[in-house]
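What follows is a single structure, written as structure tokens, with notes after it.
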Amino acid sequence: MLNKHQVYLGDKQEVNKEIQKLSQSSKAQQLVSSNLIEDPSLYDYDGFVSKKNKSEKAIVIQKQTEDKKQKQPQFLNSILEQSKRREFEREAIKSRMNAKEVIKSGKEVYISESFKKQHEQIKRFEQIEQIQEKINDESRKRSNLGIYKSLYESETQKGQHSKTQEAQVDSYKIIENILIGNEKQKNNSQAIAKQQEDLQDKSEKEEIQENKEPINNELKNAQISKSRSRSRSKSIKESKQQENEALTKEDKLKQYKELMSQQQDQPSAKKRIRRCTKHDQDPRPYKCGCGRGYYSYPALYTHLKIKHEGQPPTGTQIPSDKHYGSRGRPREKNTKCDEESKHQVFIDEEKREDNKKDEKITPNQ
């Protein structure tokens, strides 16, 4: 420090510098005092260093604990995956052997749900292997030197074997996820198709029910009309029965005579029958013992020849040469027929049939 008496004219610059230094030091002291008031531990360097060391130690300890938790053996994942693959391969071989034995034995086998799940897992594993083999083949066959390249890579990357195994495991997982996603998509599409089919079935059923209502109404109306017609017919029958009960015998006879006169006026609907040339009767008077019917002479001859080999059975009416000739032809008109009795049989049968018809027409007395 300089006194007032020591200041010279040549030392003015130095004096000015010292004055500036003093002013700066005073300002620095003021700042320090103000900072200490705000934070008394601001200039405590030793305390700051100790705190920093403690925080660094805590961070290191946390990292060590996390590393211990995350650390695993290097080849554990690859070993587990390979063991799973080998188990699947063994199960696939066993399932094939069992299938061959079942086919040979030809017996039925009960299949449980666990076996079905296992079979699905084996199929999925086979699909994954096929896809992985295709990928490996494509990577090896990109050029003519693919084999040598694969050998070179296998030798150079012996230390990185764990990384390749992990990548292979990841590829297996990716392929498996892809297959699972495809299966889910298929299941979803099937569910959507089922829902659409159910909706179509419901709409068809509703349409059928709507169409059934008018059909049922028509059927009901038809049944009502039938019941009405039946009731009318019953009432008509009852009225007729009452009228018949009220009639006397004389009235019934009059009705019967009227019906008979009406039938006589109507033309007869009898079939035309061939008649005999002499007596105007049926020319089929011969009967076979088999009971098939009546025949003429030539028809009987052919019938016996075809059906009975020329030997007539018992009960056959063998013709004579009086009515027909030796060859079954009818005689001339001038010739007389002596077998009128045979014609009389057919006449009696026709009368009986006419009497039966008359009995049906007679009223109830």
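Each residue, glycine too, has its Cβ placed from N, Cα and C.
Keep in mind that what you see is a predicted model, and the values were worked out from it rather than measured.
The annotation region 'Disordered' is assigned in TrEMBL to 186-285, 307-365. Taken from TrEMBL, the feature compositional bias 'Basic and acidic residues' covers 195-215, 235-257, 320-365. The domain 'C2H2-type' annotation in TrEMBL covers 286-313.
Using DSSP to sort the residues of the domain 'C2H2-type' (286-313) gives these counts of helix, strand and coil: 11 helix, 4 strand, 13 coil.
Residue counts for the compositional bias 'Basic and acidic residues' (195-215) by DSSP state, with H, G and I taken as helix and E and B as strand, are 21 helix, 0 strand, 0 coil. Residue counts of the compositional bias 'Basic and acidic residues' (235-257) by helix, strand and coil are 21 helix, 0 strand, 2 coil (DSSP-based).
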